[in-house]
Each structure stands twice: as C-alpha cells, then as structure tokens.
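Visitor: One structure coming up, written as structure tokens, with questions to follow.
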Amino acid sequence: MTRGDKQNDVVEPFNIIPLQSPTSEHPSLRFPEVRAVTAALSSVGDIPLPAQWRADMDLMDWLALTFGFQNDNVRNQREHLLLHLANAQMRLSPPPDSLDPAVLRSFRSKLLRNYTAWCSYLSVRPSLRLSHRHDASPDHRRRQLLYVSLYLLIWGEAANLRFLPECISYIFHHMAIHLNATLQRLHDLSFPEEDHAFLRRVVTPIYRTLLLEVESSSNGTAPHCQWRNYDDVNEFFWSKSCFLKLGWPINAASSFFTKRVGKTGFVERRSFWNLFRSFDRLWVMLFLFLQAALILAWEETRYPWHALEDRDVQVRLLSLFFTWSAMRFLLSLLDAGMQCRLVSAERIRLGVKMVLKIIVAAGWFVVFFVFYRRIWEKRNRDRKWSAEANKRLLTFLEVAFVFVVPELLDLVLFVLPWVRNCIENWDWRLFRMLSWWFRCRTFVGRGLREGLLDNIKYTLFWVVVLASKFCFSYFLQIRPMVAPSKAVLNLKDVDYYWPEFFRNGNGVSLALLWLPVVLIYLMDIQIWYSVYSSLVGAVVGLFAHLGEIRSTQQLKLRFQLFASAVLFNLIPEEQMLNTRGTLSRKILDVFNRMKLRYGFGQPYKELESNQSEANKFALIWNEIIVCFREEDIVSDREVELLELPKNSWNVRVIRWPCFLLCNELLLALSQAKELVDVPDKRLWRKICKHQFRRCAVTETYDCIKHLLLEIIKPDREEHSIVMVLFQEIDHSLEIGTFTKLFKTTTLPQLHNKLVKLVELLNMKNIDHNQLVNTLQALYEIVIRDFFKEKRNTEQLREDGLAPQNPASSEVLLFENGIQLPETIDDNFYKQIRRLHTILTSRDSMENIPINLEARRRIAFFTNSLFMNMPHAPQVEKMMALSVLTPYYSEEVVYSKEQLRVGNEDGISTLYYLQTIYNDEWKNFMERMRREGMKNDNDIWADKLRDLRSWASYRGQTLSRTVRGMMYYYKALKLLAFLDSASDIEIREGDHELVSMKQDNNSEWSPSPMCSSKASGSTSLPFKGHDHGTASMKFTYVIACQIYGAQKARKDPHADEILYLMKNNEALRVAYVDEVPIGRGEKEYFSVLVKYDQQLEREVEIYRVKLPGPIKLGEGKPENQNHAIIFTRGDAVQTIDMNQDNYFEEALKMRNLLEEYKHYYGIRKPTILGVREHIFTGSVSSLAWFMSAQESSFVTLGQRVLANPLKIRMHYGHPDVFDRFWFITRGGISKASRVINISEDIFAGFNCTLRGGNVTHHEYIQAGKGRDVGLNQISMFEAKVASGNGEQVLSRDVYRLGHRLDFLRMLSFFYTTVGFFFNTMMVVLTVYAFLWGRLLLALSGFEAAMENNSNNNKALGMILNQQFIVQLGLFTAFPMVVEDSLEHGFLQAVWDCVIMQLQLSSVFYTFSLGTRSHFFGRTILHGGAKYRATGRGFVVEHMSFAENYRLYARSHFVKAIELGLILIVYASHSAVATDTFVYIAMTISSWFLVASWIMAPFVFNPSGFDWLKTVYDFDDFMNWIWHRQRVFAKAEHSWEKWWYEEQDHLKLTGFWGKLVEIILDLRFFIFQYGIVYQLGIADGSTSISVYLLSWIYICVVFGIYVVVAYAQSAYEAKHHIYYRLVQSIIVVLAIFVIVALLKFTKFKFMDIFTSLLAFIPTGWGLILIAQVFRPFLQSTIIWNSVVSFARLYDILFGVIVMAPVALLSWLPGFQPMQTRILFNEAFSRGLRIFQIVTGKKSPGYCD
C-alpha cells in the first residue's frame, strides 16, 4: 500500500481495534476496559521526554524513540498488549474503571517468568526495579507497563531470534538496565537517530551468525557436530560467560561473531549408540534381567526361586555387577567420544569430568572382578561355603552397596518427588556441587517430577507391564531354550560342510539360535505396553463417559437430558460464576452432572415453552442443524425433522424435533383405543409416561385447533361451531370427563380424516371441493360418532354445534367458510408439513439423518456434553484465542479444470467425489435448485463457485480449514448474543434467524467459504456489542509465506486467498514480502493484511522489517515463527492445512480454555491436547486402515499418555498452547535444519523439559485428514520415521531420557523413538532368524541338530511374537479396544474382520518395512527430508516404474533377499524335509516377502489390469534404458534415479560407510555356503574351493567387459565382428561345460544352483562399490559397475513383475482388487460408468 493511498483513506487500516481513531464507532472501543488500558499507556508521568515527543504518543512510542524500534512493530505490540490487558480486566467482577494492578502484575509475572528463572540460574540479579509495597501507585504501574512493553517490542522484532528465548532474556536484561538508568536520569538522554536501530544493532549481528552457521551446514547435510544450530546459539546464553564474551552494547569483535565457537551444551553425532546413551537405564534393566534369568533358568528348576536356594547360584547372580559396571564404563566411553567437541580451554572441567568418569567406571569393574574372584578362589579352595568364603561374600556385598547408593538415593527421591523438584529448582551452590558428578547442569530439564498421586498411577501401570513381560520372557522365551542350548553345546563330531574356522563351532551355532530370541526379548515390552495401554485407555475412557451415546436411538432416549446438558455446560450462570471453586459449588456440580447423566429425579432444568432456557437451547440446536445444511450433510427435509421450531400456533409444550415425536401419536391413539372406559387420569398418566408422546399429543391437538380456526373465516358461523366444539373438549379435559363424554374408539377415524386434510393443505394446488368435503366429513364424524351421548339437531343448535339457520343445510357447511393463507407464507406450510409428519409417521427414524458423518457428529456432540468439562464463562470473561495455520502453496480451492479433467480411465475428481459422497452431492444439488438453479448443467456456469467450494470442502484444502476455523468466530458471536440478550431479544433473534435462513435463499445457503461474514446466520442480527466481543476474543492468522510472490506473478492461489479474506472478516494473512533494493539485494518484511469491507480491497495493517530471509531452518516452523507476532490472546491453536473444525465443537472452546485455570497433578496445563477425528476414512480401504490406526493413536493412545503416564507430547494435533508461556520459551515448534524435521513434537519436548504440563481432553474434537493412497502414506511414514531417526540424535531426547524418572522414561521411549526402534527390531528379527537358519543349514550343523525337536518348537513359539507384531495385530488391538469403547464390541469385531478381509495385514506389514528402512537409514547415514505427499484424491493408476522407484530399495530388494534365503534354506535344510515344520517356522517370513512385493500393486487402482500391466512393463524397460544424464529427472532416467538412491552415502561419515560395507558382506555368504554343496566340489571342505569359485566371478566379469567392448566397437559399423565375438564366447562356454561334465564331478544342475551363489555376490560387490564411489567413479571400473547395476535392476523388476503379470492374466483378480481397494458403491459405480461412457468423460454431474 502506498503512502498516497493511506492519505486518501478516511480511517487508517487497523487490525482489531482502531487505536488511531479513538472516536470511531467500532464496537471494540465501547468497552471500558479498552479505554482503561489506553489511558494507562498514555500516562507518561514525569519520565524524561525527547524532543520528538508529541501529545498523542504513549509509553510504547517512548520506548520506540529510546531504543529505535520500528513503528509498525510498536503499533502491532500496542494492540497486542492492549487487547490482552483489556481481556484480562474483563474477567474481573466487577471490572474497575482503571487498569487493575493485579491484572498487570499477573501478566508481568507470567511474561517475565522465564527471564527471572534465567537470572536465578545464572545467579544474576534481575533488572526489574519494582517495589511491591506501592503496587497501586502510578509510577509502579508505569514501570510494569514499560517492562512488559519492552519485552514485547524486543520479541516482536527479534525475527529468527524468537527461537532463542534465553538470548531474548539476555537482550531484555541489558535493555531493562538501560531503561532503569534512563528513568532514574543516571545518564544523559541519547536517542538513536538511525532507522531501525534495534534491528541493526542488536538483532542483525546475531541473525548473521545464525545465517553463517546455516550456510556452512550445506543446507543441513553437513554433520550436525560441525555447525551450530538454534539450540547451540541459545545455550551459549546458559553460561554466565556470555556476559563477558558478548558484552553490552554487543561487541562486534566478540568470538561469538568472529570465529566459530563450536557446539555448546550438546553434540549431535549420528550413531545407533545414541539409543543406548539416551536410555541407558532401560538397557541396563533389560540386560541385567536377561543375565539373571539365564543363570536361574540354566538350573532347570520348576520355578526360579527354587534355584535361589543354592548358594552357588546366589553368588553367580552377583556377576550382574560385572555387567552393570561394564555398561557404565561403555556409557562413559560413549559420552567422552561423542561429546569431546564440548571440551575447550574454557570448559576444561568438563573434560576432566569425562576422564574421571571413565577411570571410575573402569575402577568399579576391576574392583568387582577382584572381589568376586576372591570369593570363588576361597570357595574352590575350601570346596564348600566356609565362614571365610561367606565373609568375602559379605565384603563383596558391602562394595556392591556402595556402588548402588546413588540408585537407592534416586529411588528415595522418586518416592518423594517434591524433594527432588526442590533440589533441582533451587540454584544453591551446595546442590550444584553434589549434582556435578551425576549430570551436566542445564537450564532446562529441572524439576520434572510429578506429584505423588500421579507417581502411584504410572508406577502401578509399569509394575504390571514389566511383571508380565519378565514372567513371559522367563517362562516362555528363556527357559524353553535352555535344554536345546545344552544339547547344542554337547554335540560332538559335527560333520561340517565347509571349512571350520572356529574351534568351538557349537558356541557360534548357539549364538545364531539365540540371536532372534534376544532381539524379540529386547523389543517385546512394546507389545505388552500396547496391550496394557489399550486396556487402561478403555478404562479411562469408560470413566470419562466416552461412547455412551452412539446412535440416534440412544440420542432420542436422552434428548431431554441433552437439552439440559447444553444449558448446563454452554450457557453460563451468574450465581455459578460467583461461587466457582468453592467446595459447596463443586459438590453441587457433581450432583447436577449425576442427574444429567443418569436422569436421577427430574432433569437438571425442566424446559418449558415459556422459559428463556428453551429458547436458548432452540437457538443453539437450530444453528447446529443449519450449519449441517450449509455443509450439505443433511437435506432440507432432514432439517425440518431435526430442527426445534419456535413456539407458534399457541402450542403449550416444547415443540421437540420431529424425529423425536415420530410414531408417538399413533402409539397414543392405540392406547386410547385399548383403554376405552378408563378414567381420564389413568389414560393421561399412561401417555405421560413417555415425555415425547405427551408432547406429540398436546402439540397435535393445539395445532389442529389452531389450524381449523385459521383456515375458517372468523366471521362465519362455521368458525363459532368449531370454537364451541373445542371449548367443550377443553372443558372436559379440565374436569377429567373426556372419556365419559367422548368415544376414544372414534379417534382413529378422526385421525384418518385429519391426515387427509393436512395432505390436501400440503399440496401445491389445493382442491377446494376436496377440502370442503374433508372438513364436512370431519364434522359429521364428530357430531355423529364422537359424542357418547347422541344429540339431535335441535340440541346441537342449542349447544352451538350446528348452523342456526335450517336453510343452510342445503349447502355444505364449509362451502363458503374457508380462507387459506397466501402461498408465500412459508411458515404456515412448514407447520403443515410438521403436523403431517407427526400425524403419519410410523417409522422410528433411527436413520435420520441419513449421512453417517452427520450422525457421528451429533452423537459425539451429545455424548460430550455428559462428560466432565469446565463451565463456560461469559464470552466477555473467557480467555482469548488465536488460530495459526502455516500455508505454503497447497490447494486453496479446486479449479474447474481439476474437477473436470479425468484420468486415463475417465475418472474425474468430481465424479470420484460424487460417488464417495453421494448423499452430500444430492443435498448440494437440492440446495442449488432452491437458490435458483433451473438446469443441472448450470452448475458449471452460474454456480461454479459453489461447485468448486463443495468439492474443496471434501478435500484437504485451505478453504476447508478456513471454514472450519471461522466457526469459532461464528460460535462466539452467537454465544455473546445469548450472554447479553433478554428473553424477548432471544425470541426475536430466533425468529430473525429462522426467517433469514428460510425466506432469504442467499442467507440460508450463503456462498461457500463465507463462514463468518455472510454465512453467518449469526452475522446480521448480532452486530455491535456481540461483534466487538467476538473480535476481541478470536483471531485467525494464516501464515501464507509466499503470498506476496503469488500476487506478483498473478498466481490463482493469491486470488483465492483474497476471496477467503473477503468473506471472513476475522481472517488475517501474514506473509514475507521480498523487496529488491538493487544490486541483487533484497529487504524482507513480515506483513499482515486483511480485506477492508468498507474500502472493498485488501489493506496492509503491519509491515515489520526482518534482518534477512526467514528460512534458516525448517520451513514450517519458520513460517509459524514469522507470523506468530500477529496472533493475539491467551492461547493459540496450531492448525495444519489438513485439518477441519465443526460449529458444534466451536461452541465448547471457551469451556476448553477454562482448563488452564485447573491443576492437573502439581501443575496447570501449558498445552491442552484436543481429540481428532480422521475424516478421510471413507475414501478407500487404505484410507480406512490409516484412519483407524491414526484414530486409536490420537484418542486412546493420547488418553493414556496424558493419564496415567503423564508423558503426552505434541504430535501435530490441533492442540491449544498457552501462548505467553510458549512465546517466552522458544515458540510453538523448533526449527533447526534437519534435526528438527519433525518440528511439532519438539514443542512437546521443550514444554516438558521446561516444566510444562500437557493434558488431553476428549469432550472436544477437530477434524484431520490423512493420506489416502499407498504412495502418499508411504512418503508420510518415511517422513515420520526419518524424523524419529533425527530425534534419536537430538539433545531433547537425550535430556528427557536422563531427566525423567525411570518409569516416565519408559513411557517416553516406547511412545516415541522406541516405537520405531522396536519396529526395526521386528525386521531385524526376521533377518537374524533366516540368516541364522541358513548358516546352520549350509554349515551342516542343522543336520547334526535334526533330532532335537525341542529347539524348533521353542524357536517357533518365540517367533510367533514377531509374527504378531509383523501382522500389525499389536497395532490393531488398540484400534479394536477404542472401537469397542465408542461403537460397541460387536461393531468393533466386525470392522476388524472386514479390515482383515481387505488385506489390512498386508498394508501394516508393508508399513513396517517403510518405517524400519527409513528409521535405520536416517540414524546410520542421515538424509531426512520433508516429503510432500500432496494429500490429493487417489484415483490414478501408478505405473510399475513409479512403484519400483519408490520401493525398490526399501522393500523389493529386501523381499527378494529374504525370499532367496527361504528358497536356499528349503533346498539345503534337513528340517525342510518336514513340510509342516518348515511352514510353521517360515510362514511369517513368507508373508512378509509377499506383502513387501505385492502391496504396491494390491493397493494400486487397476493394479491387475492386463493391458496396464503390459504397458507398465514397456514403460519400465524404457525408463531403465533411458540414457539422458545431464538434465534428466529420476522419473525419466534410471541412471539419475540410481545416483539419487546413493545420496545418503554422500552424507554419511566413516563409521556409517564401515557399517554399510559390513552389512553388504552378508551377500557373500550365499557363495561361501553354496559352492560346497555343488557337485564339482566333490564333498571337499577346503578353503581352496571357495577361493577357486572367485575365478568364476572374474571370468564372468571378463566376459562382460569383452562383450561390452565389442558392442561399443563393432555393433554400429562392423556388426559381423560383434556377432563373431558372441559366437566364440558361446562356443567356449559350451566347451567348458562339456569338459567339466567329462573330467570332474560337475553336474548340470550346478549351473542353476551356482546362480543362487554368484548373483547375490555380484549384488554385494555393487553395493560395496557404491560406498567407494568417490574413489571408483573416475576409473574405468565405474562404467561396468553402472552397467551391472542396471542389469540387476532389470532382474529385480522382472522378479517383482512376474506375480503381478500372472494375477493380471488370470480372470477375476482385477474386480476383486477394485473391491478391496474401494468401497462397494464406488466399485459398482466405476464399472457402470466405464461401460456406459466408454471410459472417458470430462465430468459427471448427474
């Protein structure tokens, strides 16, 4: 926006409050709290003023002039501070006229709490000069305002330094000192004259240091230990030396800037040993128990305590101390080796400590060895346990006691957690000295112990888990292996098939047998955790009242209680607010909730039609239903059935929704017919047993009475007759003589005629004659049959029930007496339709609404109101909320082309959506017709915007997210209206809403994406006070990082974002503007814009200059960080682009925010965890699997983590952050390049380490989308697994592993990196088992063991555990438990069966491979990166080449390797002769092989289409042989892809390459084992056989080189020479084979058997050559390596393609695969559409 434009504007653009125009009529300026804070900021008192001072300036301006802050930063933070203090003051009762000192003091304390803690940690006096004695004095208030304003101004301009909270504390500390001196006039006033002085002098130097570090990191690919990330720079300020090194003003010559200081606090090194370093206590426990169990089980007693009766066994158990001390020694070596870069001349004590720890750990091992040896020497010398031997034993125990004293002390402090917290939080020198040896002193990670009650809860949980695990491990893993182990050790004279290199080959064989057992032993706590966490989660969920209302039938039974629950939870009560927190109030609250849940006594508040509560409930309920209609998940007819209409037609009862009254009138009629002569009271009592039946009868009677009197002219005699008739009926009902005067048996006849009457009135063209006849028939039935006492004509005339003029009998009674309302009276005809429904409905309407999503939302909302939640405050008194969504370039709204263009099968996105959301499409078209669309084809013209929005709301688009989040604004305006409106206003508001939605089509169905301005059914009647209140309480900021660039290049995304702003008045967009300033340089600004409704254009609100580009780290957190300065409120909700929200859930947000005031354990929450609903589950079977897995994690998993385990983190959910707590502690995520690639979870780590508390609340939910195609899911899994691999290296995980108590550490491990590690262990178990059995079979040792069947039984039983994990059953168990809790046990079992039939186990096994591959590779080599999944709809067939590129290295090659092992084992194993034993031992491995190969095709649309398979293979071969190299992409060239697959080897270090080579050597084992099985070997076991086999490798390589040379030299011009070379080679090969057959023991089958030996060797050589690529690439050998690698990929591709081609060729598999992949409706629709249209269609709108 130009300066000229600003001058032309009447009002300067503002964000929320027009502070530059205090005389404006804006609603927010009417609040006295706003005026009070404004006055406080304007009160400058006697502070020294500069020459530039103007009368309209305030304290913020004074700080800007003093320190050189930017003007827009000041404007932004002024509104920020004013809004927060005003909102806080609103919560006071009554609010004072001026700024309350307590409000300011509380805010200052919270904002500067991290700063004061930092000062305490460094033993530095804080720079705050405040006197608590004069808290209310103007000077004291002014100082506090200056301090908080100064901090906010520093934070608002700090840019990337906001990730460095202690750096900001350092800056604030010195600037506060300067501020104090200025206020005390201790030095002359000197104000900076340059622009942006603070940015240039303070922020930019530190920013440039960060920039240099990032540039030196080679985009994050350099080893983490070689450059400083955000955490390193921040931890520089954890040492008091920062004051000396950096100084103030900041010394530009400081070593901090001029040279690389190096890592501070922690060094991230890439190694699997990090898992041991971070969680050493876990591994000590596991290995000590394993050793103890082996010692006890070796005695082969029935129970382990029987073995303990032997003193020898007791002493052997003391060898545990060897293991323990050895593991401590290993830990000390690892600490020293990995953290040695921290040692410098300034930190020499750290190096001394490392050396001392190594010496002490080694000393303990030596001491234990010496004392233990002395015990056995004496025991063996005396040949019994003599007194001296026992004395030596006691000496050993005394030494051991000294060794475990620190552990015993830790146990005592675990039992007394408050003591531990006090010791860690108090910065006393004594405590520092005592703790120096055991841990490094850090600013974070102190005082993390929970309260005693929480300790008890998670201790009980882990005691049960560990007891189950250890009992199972001892009795079913370790003890069954003892007897086979002894048998193996006792084997003699084993006939080996190959050279025996080990003297004790039995020991090696025993190790091979035990290796898979040990691996399973180490990982199976994950299984036990999964089982018990599921059970505990179910129990916690039951006590939280989850799943009590699951269906419409259950809702009907509790609807009255639900209405009361709405008022109880969502509508604040003044008397309740005044007594909140008192004991009596809590007891009463519990009592009321019991009445609500279980219906004890009467409902909490009986709703009567004349009460305002009923009108409030009706307003809320109807607004929910209207939102459903706007979202097209209910039809117009369903709206009428669901809504609660306003009281009209003089109905005396609440007019409950029709779906509650269905069939009730007919049941009442049948009761009246059965009870003919019973008294009125008895009949009425029987009807009143059912509340809805009573209401149906009363409403029907009142409506019929009103209807008849309405349609009969009031001046006609017929009107008086009807009036008299109803007076008689009313009188009889009053005196209780109805059944005496009237025949109840006649009621069915009356009912039939009334139904006919209502049907006639409901017709578009009413037949007057039929109407008269029907009324006449009704009259005749009443006169002749209804009265028990017959009356003649004269009596009827006397009673006023017949015409007084006898002549009138010549015409029909109602011939001229009917008057119908005008056709535009929609309300009349709506009441007619309602009456008709009540009169005729025989259906229970349990399927209303039809849409499953609508049913689910109603059921969840209803159920949630019976759960425990805080009471809602008034909107004015609620905490303020901001929502922040990072956006880059994802879809905003689907374009017309995206919807119409079909894929290769003619399936367009719109057709796909119409099929999946068939009922919603019908509702949408119904709405469009009601809005004026005449022809369905007009949808592409007149209603294109609505169509695009409808489709976008069913994808994962920005427009869907915006619509959902703006429901908060809509809900707050409605709730603010209810808070302040009188009963009359509520009734009028309800009438206005109803009329607006029904009479005005544009308002009933506003333009999509208009969630707050136009849609708002709450927008027009609630302007003014309610609008101002909602604006102050809610802000939505989208961080559209490149919005400025999108506008510049006319990107359609920019227009769509502008459209969103235009139709959502509370929406703001923050972006980074890059402004060229010449010579290739740019200036960067954080800009906030909005759409001004008065000016009708986008306006710029704030423009804050940045020190440089924001993206120094990961993109998403940097994007969040730049925009967070524009958020407001006490809390901020982090919402991603794939999330959604619902109006009914938005109503509960103010309840959720009240949770911040309650203690959970010993702390108040800092993150409020929110439940998620995965809305993509209906798209495909894969989406269902992912949805079910994710749902159990975000519900049951998070529930258990929060309670009882107290270790819930932030996993990218729609959690709500305590905003000021987080912005002073580094923000809502971490951004260091690569290490923080999973940026969200680090917010949880940081929160826990800094003493925060994360809770989980399931009475509110938000929607979330997940990836729906296998390739998308796999990329997502790869991203998460790689992120967890990076987490293993991080300081956060290390500190949590050491600072949490032992049991919380276990919870943390098994729910974060431990889950992925144990997933990898499952795959390693398969490898260990198969390679072990293969080695045993090829060596001949297995044949010697053949008679020992116990070995195979024990191994088979143990491997079943691995199969359970592999199938995903331990993932499925939590899903079944959670599904049972929320939908019922039978439904959960049925869903589980269906999932298995749809091959969910294949999917979970495939995902197992994805996670293990990327997790392991990231830890070993690195290479983690963000993988964009697209989140689109999967209706396209993925080519074979694409699948091969994605899965060749992670799945296909590994599956082929395992399959080859299984084949070789089957052909050479003595055990394999027993088919049953072989199948039992290898079925899980074969299943894994099949899953890893076939899953990408089973879950690929048209994966088994024969024509596509043929085309895919041709495409694959073209890709393989594509030769373009320079500009080719991996999608086009095999060679480019092959090089990219080796990128991780460029990043890895020496140890990574060494491990890679060692792992690759396993492929040589095939050759080593098989060559001795060949006939040509003639049974020889000489090593020369193996060495001679390498001649074959050399010959084949030589032949290949000759052929390649001949091809390049002769194929083009001298083709005959090339053919000659080929012929010579073939002849020589035949000659060699014949000679071998004649003169050696060579067999013809040896040719094929040898392939199994030499092909793996060649692959191993290629993999090793890739590691040595830097040395080989410049040699002649490299071209041959590339050529061989191409041939191997062709071979692998053919192997993978073979089963796909076979299934494609066989009939029936393609339809079956489509049925498995998509739901039944889509499968059917797809086939019909293809047949009818010939597979191609631009769109489908029928």
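Each residue, glycine too, has its Cβ placed from N, Cα and C.
From TrEMBL, for reference:
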- 142-251: domain '1,3-beta-glucan synthase component FKS1-like' (DOMAIN)
- 282-301: transmembrane segment (TRANSMEM)
- 354-372: transmembrane segment (TRANSMEM)
- 393-419: transmembrane segment (TRANSMEM)
- 458-476: transmembrane segment (TRANSMEM)
- 527-546: transmembrane segment (TRANSMEM)
- 1308-1334: transmembrane segment (TRANSMEM)
- 1477-1499: transmembrane segment (TRANSMEM)
- 1550-1571: transmembrane segment (TRANSMEM)
- 1583-1604: transmembrane segment (TRANSMEM)
- 1616-1637: transmembrane segment (TRANSMEM)
- 1644-1667: transmembrane segment (TRANSMEM)
- 1687-1706: transmembrane segment (TRANSMEM)
Visitor: Ranking 527-546, 1550-1571, 1616-1637, 1687-1706 by Cβ pairs under 8 Å to the transmembrane segment (1477-1499), which is first?
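Guide: When the Cβ pairs under 8 Å are tallied, 1687-1706 comes out ahead.
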Visitor: So which residues does the transmembrane segment (1583-1604) touch in its own chain, when a touch means Cβ under 8 Å and the partner is 6 or more beyond its ends?
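Guide: Here the qualifying positions are 498-499, 1567-1568, 1571-1572, 1577, 1621-1622, 1625, 1650, 1653-1654, 1657-1658, 1680, 1683-1684.
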Visitor: Taking a Cβ cut-off under 8 Å, which residues six or more beyond the ends of the transmembrane segment (458-476) line up next to it in the same chain?
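Guide: Distant contacts of the transmembrane segment (458-476): 289-290, 293, 296-297, 304, 450, 521, 524-525, 528-529, 532, 536, 1204-1206, 1303-1304, 1306-1307, 1357-1358.
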Visitor: Please tell me whether the transmembrane segment (1550-1571) and the transmembrane segment (1644-1667) touch - that is, whether there are at least 3 C-beta pairs under 8 Å between them, with each pair 6 or more apart in sequence.
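Guide: In contact, yes.
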Visitor: Give me the mean pLDDT over the domain '1,3-beta-glucan synthase component FKS1-like' (142-251), rounded to a whole number.
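Guide: Across the residues of the domain '1,3-beta-glucan synthase component FKS1-like' (142-251) the model's pLDDT averages 89 on the 0 to 100 scale.
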Visitor: If we skip the immediate neighbours and take only residues 6+ beyond the ends of the transmembrane segment (354-372), which ones have a Cβ under 8 Å from one of its Cβ atoms?
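Guide: Sequence-distant neighbours of the transmembrane segment (354-372): 318-319, 321-322, 325-326, 328-329, 331-333, 335-336, 339-340, 343, 392, 395-396, 399-400, 403.
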Visitor: Please indicate, using numbers and ranges, the residues of the same chain that are 6 or more beyond the transmembrane segment (1687-1706) and have a C-beta under 8 Å from a C-beta there.
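Guide: Here the qualifying positions are 1440, 1444, 1448, 1452-1453, 1456, 1493-1494, 1497, 1503-1506, 1508-1509, 1513, 1516-1517, 1520, 1534, 1538, 1655, 1658-1659, 1662.
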Visitor: Take the domain '1,3-beta-glucan synthase component FKS1-like' (142-251) and count its residues per DSSP category (helix H/G/I, strand E/B, coil), listing them in that order.
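Guide: Helix, strand, coil within the domain '1,3-beta-glucan synthase component FKS1-like' (142-251): 78 helix, 0 strand, 32 coil.
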